[in-house]
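Chemist: One structure follows; several queries about it will come next.
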């Protein structure tokens, strides 16, 4: 490597060792920064406007049914001791609620994101490993065993599964016509297809796989009989169960209950009067929570989201303002442009 | 082995040491435990171990244990590898030293033995120019009287030779056979580090002989001018004075290190505060909400009330918030420093072709401090100068000769076979003058060939070797030799020269020896024609007072020449002669014998006698000797002082030579308003000197301040009057004054005065004083100090200073071994500081700013989330993200910036030394900058939490599934974080090499790759328990809303920074280096060499003597006694023995001066004259 003029021990003459690597040396010159700000500002304003308009076009109908107020139809159900209570909420739509319409239930002041809550489940159970059916992991404590029988699915998350059910009726000429909720495919594809696994049926019987275990304390039905209408929608692959198990990041959240897509309602909910029949099982008043249901449709960017559009508009405008300020400052205090680089 | 000799040390030291030295710390077996033990002494490492233990408690563990153990193991192993490598090199260097060869006398036969096998009690033989292997008692020498010469440069930095003499009883044991019979017993003091003291007794043949330092050859010395000698090993290996002096290297920390440690402590405090706030939050939440929420989430069994829950929550938060003090910080800092060190090692512009030595960063932990140096303490000999004297110019009888234009050097060999080939002179007119036979010129060179104390050795005909006691004297005699006045040999009473080919023998009547007070030496000779003449050479100031009135014309012209020489920084000596009549001589000689024999005040009386005869001198001319500076010293000093670095020269040399060097390397110029010389011997006089200096300066400064207010330091308000002084002052202080000045009650005064001076020169200082001066500045000035030196006498100073630099490529390696950086030329210092140091500092600061920023941005998100998750210590991110964030996703781009970043090209930092200032003022990373970074980090974390919060709490996917689930939130926030910090590093990076591009894009790429991999079904199927986030990234990142959120968050985080930086650049451009110095160019163009020209113009009327002479007294006596001559003449031998007692006594008196002043004798002037009556000789 070394040529003749070189000496022993002389360091190599490479760009790297001599710190002369070719390099791009950007400078925050006015020519870059001001147009950049203008560009970002304008782009953000554009996006903001688009988002805002899109968001404005999305319809959302929220109904609180906690029943805190005595006037509320669900008030009588909100007592702690009342079982199997049903209440109804009426509402009317003055115009077509364009489809597809999504139906959510929402809880507030509910801490699914509490750390100990989040870990209180047994992933082996949920992936259908029956060895853990009889010996749930200690994470599930105190919902690990009930009456000395292992709980399947164990843990706080499963135990606290939301169990209100809803029926929606459209009042047509005085009679109720049920609007069907499509509860299929409301969970994440990966949850349904990969992450959660039901145990293999024992002797052809799915229920037999759960032998020797007991249902979570708060559950009325066992995991294998969650949906009597659809055998496939049972166990850990029950859509509502999967939705519940995907815990929310924030204490006020909503979860998808079903889509209204079927038959007559593929265009959406027509204008008219509706009755929502709620079978009120899930107590929230004890910890000061509320329950609500939400009807909403979506656009390319999802559901209604005023925040995003406004934020974009505000930031975009600020960027443009900043660009103007910088331009003024630059014009006034222009220093000799010294791009030595 | 010479088993007959016994070694005995008073105090019960019975172990017999061998000469093996060991500076390494580990061996293969002890490495792991010792190294781990050392590493866990680092607070940070212990802290992470503690965290790890916390994480193993299930109730607290908010994060899996691997989030801590992976980085911890990584950090520990990287450090261990580095330590192992360092130790390996120490082993290697130990081995190299231990395996040097020496000759040991075993059973009467000389055998080669490795240094490490030399044992106490061995007798070893040393040859000329060999290093002494251990501390030896000199037994005998090839030279007469058991004399031998050593150079102690390695030990105390003094380059002049020293004489050691064996005891007369042992010096008779000439040959190995006799030596093997030697069975003396030495009882001596225990090993210590006092270089100038040794005290012991030799018991031999029923007799007691006192031993002193005069009999010792210490390890590290080099034998000179002595063919061989034998010595008995007294101390070996670690007991030697050299090793005792070296001690274990103190671990040096940089100021950034200390700041970092403080900041880390603050961050711990911050962490605890956050933990407490969140724990209180948790208590409140558990009481208000959690207690009621128990129907869905019962408290864990050990928790029975909210307070206990809060307690656990505190620890849980300590765990998840610990990433504000990332463990990778320390290891990254080390890696960056290591790379910077390699850049120093690799720098070709710090490679010395002549000695083929590259620069070496021996310590890899101090680099950024190189960018903050305010004080440089430099040794002189070997560092600033090459310790080579050249006869450059002369003025003879009013005519100046010397290099006018550097053409071909004159060729002397053609007409003078005895000429020294290495001698260079460029002015042919002088040679012409000699050939023509101008009497003044002849007389001039005659003085040079006669008036000196050089010894000559003629190995073969015409091959003369001069043994000069001081290099300048050697240069003068060599000059005379080349111009045809060859000094050939001397006896105690004659000097034989060859004048223009003709042998002439002068009778030496007397040597009026040199000393510091007299500043001159004379010889009185009788010429072959019978005339008696006194030849004198000395300082112009001294000589000119003693001239005959008829010399005044010559004196005036010569004075001008001397002025010119002094301006060029040449060392000058004036030469003169005086004819004495036979009567004058006889009369004077009589008086002298009286003075010499006087019992009281002998020295004063001698001096008075000298004074008497050195009168009415005829001026011949003056010589100008260049003490050759190292290449580029003046330029380097000029640049460094432009960079606001103060340079202090600490030298063991004499005041005149030191001042002279100060001028020649442009530390002192004629612009210097005043040079204050503090030379007092008593506390009072030193205090007075300092006070006087201070007062004068105060007056001066008051005057300048009235004149103009432009002298205003912008950054620090002056703490004392002295600091605001603008004049160019210089302080010269000598070692004995320094001893007083360094006392506790005066050091403050000294420091203030010294710091107000542009240049400080401390001369005649001991190694210890060097260290004390450095320590003083270090302690009181809160400034970074750098010490540079080449010899063992600089070791203590090198170790004391924040940064020690050793000059390598020379014989001694002690300084290099003790140093943190080494290179072979002083001029490389500018590159080390202004280029490497500046860059290192800049990079380190940028690195730290960004590092704290990114970790706060990362961690504080948990804090905000705490308010929404019941303060349950739920992490926002996936734990794998937490594990990898600091070691994979964000480490490399910032590392690349920390290694490669450059704000200005290297040549600019040398062109504009002022660029160095931010480092000295510590502007780039200090507590304020830290808080700005932290604030930016916290702001970023707020944005990163609340923007996704605002968006996602409402948003749904386009298929209606809400986006507000935890995993989506985690992935969105994490992605936004990675993108924001990547954009931020892109903004911070000022120098985008391919590597930076690769790392920045690579990190973002790696993030997405790892994200998708970990969220893939493949990994989930293998480890179903480990990867909960299955499918999250695919689901989340397919949503346009998520990307819009990330874009929004990025712009909100970055835009203010961008705007702020732009405005700062625009409004306060002086803070931007490049811009500031563009302005500076317009004001004043800096051109190299410009200062020198200016200096000469401004010289004006001030006259300065360039006199400097490295000579010491005492040698005249040595010569006239004949002691140091290898003489076969019996007569001479008898003559010598008669005088031996006296001169050795004098010498001993001087060496045993109880003070720590260098043994070269100075405090009490002892002019010595040896009067040789003609009758005495034959």
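Just so it is clear, glycine is given a Cβ too, placed from its N, Cα and C backbone atoms.
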Chemist: Per TrEMBL, what member of B:459, B:537, B:597 joins B:379, B:380, B:381, B:473, B:514, B:571, B:651, B:652, B:653, B:764, B:770, B:793, B:794 in binding ATP at one site?
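Modeler: As annotated by TrEMBL, B:379, B:380, B:381, B:473, B:514, B:571, B:651, B:652, B:653, B:764, B:770, B:793, B:794 share the ATP site with B:537, chosen from B:459, B:537, B:597.
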Chemist: To which of the residue ranges B:224-250, B:305-331, B:332-358, B:386-412 does TrEMBL assign the term transmembrane segment?
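Modeler: Transmembrane segment, as annotated by TrEMBL, spans B:305-331.
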Chemist: According to TrEMBL, which listed range is transmembrane segment: B:903-926, B:999-1022, B:1071-1094?
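Modeler: Matching range for transmembrane segment: B:999-1022.
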Chemist: With CB pairs under 8 Å as the measure, which of the listed stretches B:847-868, B:880-900, B:999-1022 comes out on top against the transmembrane segment (B:930-949)?
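Modeler: Comparing B:847-868, B:880-900, B:999-1022: B:847-868 has the most Cβ pairs near the transmembrane segment (B:930-949).
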Chemist: If I count Cβ-Cβ pairs under 8 A between the transmembrane segment (B:880-900) and each of B:47-76, B:847-868, B:969-987, B:999-1022, B:1042-1063, which range comes out on top?
Modeler: B:999-1022
Chemist: Once the DSSP letters are reduced so that anything not helix or strand counts as coil, what is residue B:793 (ATP binding site)?
Modeler: helix
Chemist: Given the binding-site residues B:379, B:381, B:790, B:794, state which is nearest to residue B:571 (ATP binding site) when distance is taken between Cα atoms.
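Modeler: Result: the closest of the binding-site residues to residue B:571 (ATP binding site) is B:381.
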Chemist: Between C-alpha atoms, which of these binding-site residues comes nearest to residue B:794 (Mg(2+) binding site): B:514, B:652, B:764?
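Modeler: For residue B:794 (Mg(2+) binding site), the closest Cα among B:514, B:652, B:764 is found at B:652.
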Chemist: Just name the winner among B:381, B:793 (the binding-site residues) by count of other CB atoms within 10 A of its CB.
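Modeler: The residue with the most neighbouring Cβ atoms within 10 Å is B:793.
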Chemist: So how many other Cβ atoms are close to residue B:571 (ATP binding site), meaning within 10 Å of its Cβ?
Modeler: 26
Chemist: Determine the C-alpha span of the ATP site listed in the record, that is the greatest distance between any two of B:379, B:380, B:381, B:473, B:514, B:537, B:571, B:651, B:652, B:653, B:764, B:770, B:793, B:794, in Å to the nearest whole number.
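Modeler: The two farthest binding residues have Cα atoms 32 Å apart.
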Chemist: In the same chain, which residue numbers or ranges, 6 or more beyond the ends of the transmembrane segment (B:1042-1063), come under 8 angstroms Cβ to Cβ?
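Modeler: Distant Cβ neighbours of the transmembrane segment (B:1042-1063) are 936, 939-940, 943-944, 947-948, 951-952, 963, 968, 971-972, 975-976, 979-980, 983-984, 987, 1036.
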Chemist: Among the binding-site residues B:379, B:514, B:652, B:790, point out the residue whose Cβ has the most other Cβ atoms within 10 Å, with all shown protein chains included in the count.
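Modeler: Result of the Cβ crowding comparison: B:790.
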Chemist: Round to the nearest Å and give the CA-to-CA distance linking residue B:764 (ATP binding site) with residue B:379 (Mg(2+) binding site).
Modeler: 11
Chemist: How many whole Å apart are the CA atoms of residue B:379 (Mg(2+) binding site) and residue B:514 (ATP binding site)?
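Modeler: One finds 25 Å between the Cα atoms of these residues.
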Chemist: Near the transmembrane segment (B:847-868), which same-chain residues lie under 8 Å Cβ to Cβ, leaving out any that are not at least 6 residues past its ends?
Modeler: 256, 260, 263, 274, 278, 281, 317, 320-321, 323-326, 329, 332-333, 336, 874-877, 885-886, 890, 894-895, 897-898, 925, 929-930, 932-934, 936-938, 940-942, 944-946, 949, 973, 977, 980-981, 984-985, 988
Chemist: Could you tell me the mean pLDDT over the domain 'P-type ATPase C-terminal' (B:816-1069), as a whole number?
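Modeler: It averages 90.
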Chemist: Quick one: among the binding-site residues B:764, B:794, which has the most Cβ atoms sitting within 10 Å of its own Cβ?
Modeler: B:794
